[in-house]
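As annotated by Swiss-Prot, active site, proton donor applies to D134. The active site, proton acceptor annotation in Swiss-Prot covers E135, Y158. Swiss-Prot lists 12-13, 32-35, 58-59, 80-84, T99, 158-162, N188 with the feature NAD(+) binding site. As annotated by Swiss-Prot, substrate binding site applies to S84, T133, N187, 197-198, 213-215, R222, N257, 289-293, with the evidence given as similarity to another entry.
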Amino acid sequence: MATWLVTGRAGFIGGNFVLEAVSRGIRVVNLDALTYAGNLNTLASLEGNADHIFVKGDIGDGALVTRLLQEHQPDAVLNFAAESHVDRSIEGPGAFIQTNVVGTLALLEAVRDYWKALPDTRRDAFRFLHVSTDEVYGTLGETGKFTETTPYAPNSPYSASKAASDHLVRAFHHTYGLPVLTTNCSNNYGPYHFPEKLIPLVIAKALAGEPLPVYGDGKQVRDWLFVSDHCEAIRTVLAKGRVGETYNVGGNSERQNIEVVQAICALLDQHRPREDGKPRESQIAYVTDRPGHDRRYAIDASKLKDELGWEPAYTFEQGIAQTVDWYLTNQTWVQGVLDGSYRLERIGATV
């Protein structure tokens, strides 16, 4: 049985990834600091499962990481741990530098020392996979797509911190020989998404009868990737990716933000109509745009398709329908999040 050390597993993408990995027979050791967006309820179904080991801790704690590596002898380390919300990075960039840059460096140092001490056969097979974002590339005009050779041009404190972490991962490969892989993904959506991000925020506010905030003119474009597709892409890169390479992961589903909000409203009108009969779109409220808001992201994932045979299985229409249905049937999970410190308020609106 393979063993993976996964960081950030109580978050959105990491949580979905761990659920799928354990179901596929992987032994997973989880390290998570349980910051505001981490939710143990995401993995409640794994409680008591001997193939799932949870450790509360920070990737920046090199001694702890070293102990876990020595104790559990993983065949791979997958780094999902990150502060990831752009609005929060505008309000307080320090936490993003600490986790995404300083924390990644500490993790890399511990993993490098562990990897160097492995027997030859295990050392050759070992991989460190770093999960990153397309936001490191900056913004696009009306045409074109990000490729793996697009120059980095991050525009927010969040994307700058992730760019720095990407560069550290690359440097540890070229300097020390650490067998790394990096994935840069487009906007994810799906179950267990913390409701500060657009799609779960709109669902939660719509059901609460509150205004649905749309930044600026709502015509910012994002490529939307269903989280299950992303998890499959990561497994594919881990299994077959070329060491030292970066792979872009996209959903082939470019949509304006306003189109995403309208699609959610239509699904809620169908499955959970308002008592007064009014359409959910009547709740849309255009608000002041985010400072430095990137206009368009688009991913060219042809390298991943051509080299490794991966492409998304879900269309946006399929994925968003499944996502809305999940939130409607899992309101206990949502309420558990809202019973914490977050109350669907806007963050980072001014500089």
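Every residue number used here counts from 1 along the chain in the order it is shown.
Each Cβ is built from the backbone N, Cα and C atoms, and glycine gets one as well.
Feature map: annotations from Swiss-Prot on the structure.
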residue: A33; record: NAD(+) binding site; contacts (Cβ under 8 Å, 6+ apart): K56, G57, D58, I59, A81, T99
residue: E135; record: active site, proton acceptor; contacts (Cβ under 8 Å, 6+ apart): V86, P154, N155, S156, Y158, S159, K162, D294, Y297
residue: N187; record: substrate binding site; contacts (Cβ under 8 Å, 6+ apart): L198, R222, D223, W224, L225, Y297
residue: V214; record: substrate binding site; contacts (Cβ under 8 Å, 6+ apart): N257, I258, V261, I284, A285, Y286, V287
residue: D289; record: substrate binding site; contacts (Cβ under 8 Å, 6+ apart): Y215, G216, D217
residue: H293; record: substrate binding site; contacts (Cβ under 8 Å, 6+ apart): Y215, G216, Q220
Least buried by Cβ count (within 10 Å) of the binding-site residues D58, P291: P291
Alpha-carbon distance [F12 (NAD(+) binding site); D134 (active site, proton donor)] in Å: 17
Protein Cβ atoms within 10 Å of the residue listed as 'active site, proton donor', excluding its own: 26
Surrounding CB atoms that lie within 10 Å of the CB of F12 (NAD(+) binding site), all protein chains: 24
DSSP-derived class (H/G/I helix, E/B strand, else coil) of F12 (NAD(+) binding site): helix
Spatial separation of P291 (substrate binding site) from F12 (NAD(+) binding site) - C-alpha basis, Å: 25
Among A81, L198, which are binding-site residues, the residue with the most C-beta atoms within 10 angstroms of its C-beta: A81
All-chain count of other Cβ atoms within 10 Å of R222 (substrate binding site): 23
Collapsed DSSP category at N187 (substrate binding site): strand
Site with most surrounding Cβ atoms, counting all protein chains shown within 10 Å, from the recorded positions Y158, S159, K162: K162
Assigned conformation of H293 (substrate binding site) - DSSP reduced to three states: coil
